[in-house]
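Engineer: Structure provided below as structure tokens; questions to follow.
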Amino acid sequence: MTFLAFVFLLALLPAGSARHLPKAAISSPVFGPREVQAVLGGSATVKCFYPPTPMNKHDRKYWCRLQGSRCVTVVSSDYVAPAYQGRISLVDHPEAENFQIHISALGRGDTGTFQCGVGVNGRGLSHTVTVSIVEEPREAAELFYVKLRSTWTVSCSFGKETASMRKYLCKKEKGGCRNIVDSRLDIDPDFQGRVLLTYEEPPGTFSVTVTQMDWEDTGLYYCGAGEYGKGNNSRELDVFVYEDKNFPQLKTKVTGKTGGSATFECLFNPLKSSTKFWRKLRKQGGYETIIDSTGFVKYNYEGRVAMFENPQNKTVTVILNQLQAKDEGFYWCMSDELKEQQSSTELKVVEGKPALTGDKKVEAEAGSQLDLTCSYPCQYYSYEKYWCKWSPTGCSMLPGQQPGVPGPAASCNTTNRTMVLSFDPLAEDDEGWYWCGVKRNGAFGETMAVRLVVSAGSDAKHSPELLEVDSSRESGAVPPGGAHGGAEVRKGAVPESSDERRGSNTLALVLGPLAGLILIVVTAFAIVKYRQLKRSDLVSVGSYRTNISMSDFESVRDFSASNSAKETQETPVGGDEFIATTDTQESAADTTKAKRSSKEDAELAYSSFLVTSDSIAQGSSGGDSAVPDVSPPQDRVSPWLYLEDHNLGKQHCSSLPQFAVA
Amino acid sequence: MRSSLLLCVALAVSLGTILVAGYPVSPDDEEYVLVNNKCQCVTVTSRFVPSQENPDEEVLERNIRIIVPLKARENISDPLSPLRTTFVYRLSELCKTCKPIEIELGGAIHQAQQGNSCEEPQTCYTYDRNQCYSSPVPLLYHGEVRQVPAALTPASCFAE
């Protein structure tokens, strides 16, 4: 059964976890203008941004002129070149993560290629700027220094007369400007769900928000009215993404099961008492507010959604339960205070059984004794469990059961893995939504909602309903007595109806799970077969388990054997030519696949495991795999070593261990 | 005649769309980082380049850049240790993915180690810019010798 669960999880694994970073990730994080234009005799200001680490904040800043391979300092934190004495200044603004160089009385000799940077050498932390003297300087691009995974917001305005025109944001690329988003809701697939164009006051003003900024989003953008390249209604925006190791990594994709629940995390600034909104992006543009921190809950979402604030770790958790397929989409956390607090998450809903089970709707009469039950699987054994009463402003935790205290109380029965919420007696104002849920280390997990309807007076019609509640709990185990005495008595009062019910239920109980099991086995078999067909490395399932069993090793050895067999074909030839041919075959195959499917990405995620397990398997098999240490074809060396590769492009550490560069 | 003309127009339009939409979505220099080891100052990147033998095909080029800190000590945290004269770069170790990833299993998030033998510390040949290194030095204070930590990388030792 665990294996089946595994197979399912493999299908759900987030894509791209093994993706390699683009080169931008290791290039200099210092950023500034590409070009500075000024008039003769005028002045210029260069603003250079740097990552606000403690080291960078205190380190030397400099501005130097590139001359061949050298960079001659013009001005630094504690030095000014004689030629610039009195007309240049360098001011550091650590709080704004930048420093500014101001040059006045510009002459012809001040033009050229310069670098601004941090530190004592030009290695790693510098940015190149060209300074030129022109008759009419054009408007400089606006610079945006954006943290990786954070949100970028830009506001553009082109006057009232452009109010009725098309508004757009496009990214400059070879051969044109790729449309990212426009007012006709034409959105680039790469930005689907994470870009929002909103109109602002005064007319003709609009703003674009992009969440989850990634390395690839660095570049030159244009926002404008009308069409790109026509008229003067456009502005140049230079966006640079840098990494801040302290910036929290939020989940960008949440998967929930039908009937189950999904947990979303949003960042917020606890110092600002802003209103927080949780909104769903509409397909036809715009968004709809589902819940906000003032107590608004959208119609049809009562009892389904709740917001929990945790000021300690600056997050807001939103839980949505009773998931349906139509809940799929993109959800945004917004705030009326700061635009930076926005974030977006995609929700996927898959078919499945929610982990928490129990009666979803319970009717009972006022004054009676009632137990709401919620069964949880073994995986939640060590989790903190709770019952809470839902209200539009949140879900208030109900205290654990204390002996002798009347009123609603929640308790956890660990022996039969059910949580019981007891009402003794049931009051009319107890009616409403109750959530049972799990928590670990303060982080909210799955929840289940129960709707409690309290009917006034005693009505005989409702007693079978009550019995149902009891019998369902009884299927778990014997209640721990004491507090549940009332329920026992009532059960004894109508024994025959209870028996009848059980009799009719037996058939359903046997047939239902059986059909489900067959369905699961068939699906699992289909998935396994499909993956085998795709020559996938399913053996690497083991990489997600902490302890790897011997069977895994055997299958891994199989893989390594086939792998080494392939390599032994190559090694005797040894020469460059053969390697080159295998190379081209595979690389050609790779390039034809412009975009990998998510499944393939998930498969790639295991290759790192295969590298290591490969070596283990080789070691354990006593060196029979016969993979000699092939010396690399080092034809072009210094300062870079060029190695021909005979494995796939973006995932090739696996072939590396054979090379020994010492 | 008219139908063939129509066909020609349709063809031209479709060709136009192909040509206009045909530019690559990602930037031209698609180079990926395989290794970025700050500890031993090694970066490995790779990209596809046109093959020299056959310009129609692309081959993978891997660039390995190593900066050798010739003035580094055997133990970078001990300025009294001898100068390092041997620098060993094992790509198998550099390529190890030791960063644990988070995976979701049955509704719970678990940390999964991607590589084996990640516990062994790596010998560093150079300082990490964002880490403070210090070494104890004897200090005579009030007639008494005590060991006080002295910053080896003062600029990195500022508090946040």
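Keep in mind that glycine also has a Cβ here, set from the backbone N, Cα and C atoms.
Below are the features listed in TrEMBL for this protein:
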type     : residues  : note
COMPBIAS : A:464-473 : compositional bias 'Basic and acidic residues'
COMPBIAS : A:487-502 : compositional bias 'Basic and acidic residues'
DOMAIN   : A:22-132  : domain 'Ig-like'
DOMAIN   : A:248-350 : domain 'Ig-like'
DOMAIN   : A:354-453 : domain 'Ig-like'
REGION   : A:464-502 : region 'Disordered'
REGION   : A:617-638 : region 'Disordered'
SIGNAL   : A:1-18    : signal peptide
TRANSMEM : A:507-528 : transmembrane segment
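Please go over these features one by one and say how buried each is and what sits next to it.
Structural biologist: Within the model, the domain 'Ig-like' (A:248-350) carries an average pLDDT of 85.
Taking H, G and I as helix, E and B as strand and the rest as coil, DSSP gives the domain 'Ig-like' (A:354-453) the counts 6 helix, 56 strand, 38 coil.
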Engineer: Going by DSSP, how much of the domain 'Ig-like' (A:22-132) is helix, how much is strand and how much is coil, in residues?
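Structural biologist: Helix, strand and coil residues of the domain 'Ig-like' (A:22-132) number 17 helix, 54 strand, 40 coil.
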Engineer: With DSSP, how much of the domain 'Ig-like' (A:248-350) is helix, how much strand and how much coil, in residues?
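Structural biologist: Across the domain 'Ig-like' (A:248-350), DSSP assigns the residues as follows: 9 helix, 53 strand, 41 coil.
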